[in-house]
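Have a look at the structure below, then the notes.
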Amino acid sequence: MSTTYSSLQQVLHEDPVFGQLSFDGHEQIIFCNDKDTGLKAIIGIHNTVLGPALGGTRMWNYENEWAALNDVLRLSRGMTYKSAITGLNLGGGKAVIIGDAKTQKTPELMRKFGEFVHSLSGKYITAEDVGMATEDMDTVREVTPYVTGISQDKGGAGNPSPITAYGVFMGMKAAAKFKYGSDILEDKRIYVEGIGNVGENLVEYLTQEGADVVIADLNQDRLEQVRDKYGATIYGGDDLYGEQMDIYAPCALGATINDSTIHRIQADIIAGAANNQLANEQKHGAELMKRGIVYAPDFLINAGGIINVYAELEGYDRSEIMRKTENIFTTTVEILNRAKENNVTTYQAAFEIAKARIDARRSELAAI
Ligand code: NAD
């Protein structure tokens, strides 16, 4: 037994959970297992200083459990800083369900997952992410109140993706203003990678503004639908990152800016919805800065969805949601300018502001 464990350690070079590279002082990590429904999930609670940890549930056919754990650790951490920089009184959390959302997601599995969420008594509040739909959150709502993103006819704010897309559009415009002196995206060549819930809505905003939009996705049917609906061009090449473009909008999964892609990227601006776009925030953030590519930090510009679900908790109306989401433009311009003035990466500039807010609240709480 000990031989097996130590050889496993040699392979991994790290302790199983707290020693993971992505572990960042997370408060709690919950492994959920249910034999009857086949549920295997991990809930990551990164930080609850500003409030309950709110973040969506992703269902994905992970290559292995390490990949799932790594994802939930990175995603929950990102949520902490996203809510902090957006001025919401929420902490950061996220959940992943291991499996194929198309074939393995059942109402029983979702209800069982909801029971695990409920057992945390509100410390973690869930919502939808990749592989989840509003109806799935409605199912979770049957067993716990600690869920957002439920249908409007059930008292929720509905699918957050259109609002997320609007926020990304605002962040992209802000980056254009910073780079080109104008926020007008007409005629800009923009590659949208991933045209799911958020990507499609983003394509709608961009084509309405007259941008030259190129779309890429693994799903061919979807590509054709979105092309026909908005007049976008389907990408036909085999090196998207190396293509000449003005703006690259990553809207699929994270870490597409990594050691193998970063040197090929030709864009002036990177602004998209995907969480954790930089495989390594420090290293790849610095590389983009060196190459003069403006990176609009993902956790800053994709906050529309969290604003939308937060509205469910606070009772905001639609106009307040849109106002707060529109504000992403101003915050992004401020952060990009601040990064330039202080000669730091845009990721670092955004991160420092978010962290300062959490530290201030932590001091307040300690003084009580
Ligand atoms: P989605 O599942 O609806 O869409 C993802 C799309 O990406 C799918 O069409 C999928 O086929 C495609 N895709 C997956 N891998 C790909 C690849 N290698 N190349 C090209 N396409 C690929 O998800 P979504 O809700 O649109 O979210 C997209 C991203 O935005 C995710 O990273 C998510 O975490 C992030 N995000 C979403 C929200 C939201 O409100 N939905 C909020 C904040 C962040």
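Placed from the backbone N, Cα and C atoms, the Cβ positions cover glycine too.
Annotations in TrEMBL come from automatic prediction, not curation.
According to TrEMBL, the features are:
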- LYS94: active site, proton donor/acceptor (ACT_SITE)
- GLY194, ILE195, GLY196, ASN197, VAL198, GLY199: NAD(+) binding site (BINDING)
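Where TrEMBL records a feature, it is marked here on the structure.
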residue : record                             : Cβ contacts under 8 Å, 6 or more apart
LYS94   : active site, proton donor/acceptor : ILE43, GLY44, HIS46, GLY55, GLY56, THR57, ARG58, VAL72, LEU75, SER76, GLY78, MET79, ASP129
GLY194  : NAD(+) binding site                : ALA216, ASP217, PRO250, CYS251, ALA252, LEU253, GLY272, ALA273, ALA274
ILE195  : NAD(+) binding site                : VAL203, ILE215, ALA216, ASP217, ARG222, LEU223, VAL226, CYS251
GLY196  : NAD(+) binding site                : VAL130, SER161, ASP217, ARG222, CYS251, ALA252
ASN197  : NAD(+) binding site                : ASN159, SER161
VAL198  : NAD(+) binding site                : SER161, THR164, ALA165, VAL168, CYS251, ALA273, ASN302, GLY305
GLY199  : NAD(+) binding site                : ALA165, VAL192, GLU193, ILE215, ASP217, ALA249, CYS251, ALA252, ALA273
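In three-state terms derived from DSSP, GLY199 (NAD(+) binding site) belongs to a helical segment. In the three-state DSSP assignment, the secondary structure recorded for the residue listed as 'active site, proton donor/acceptor' is strand.
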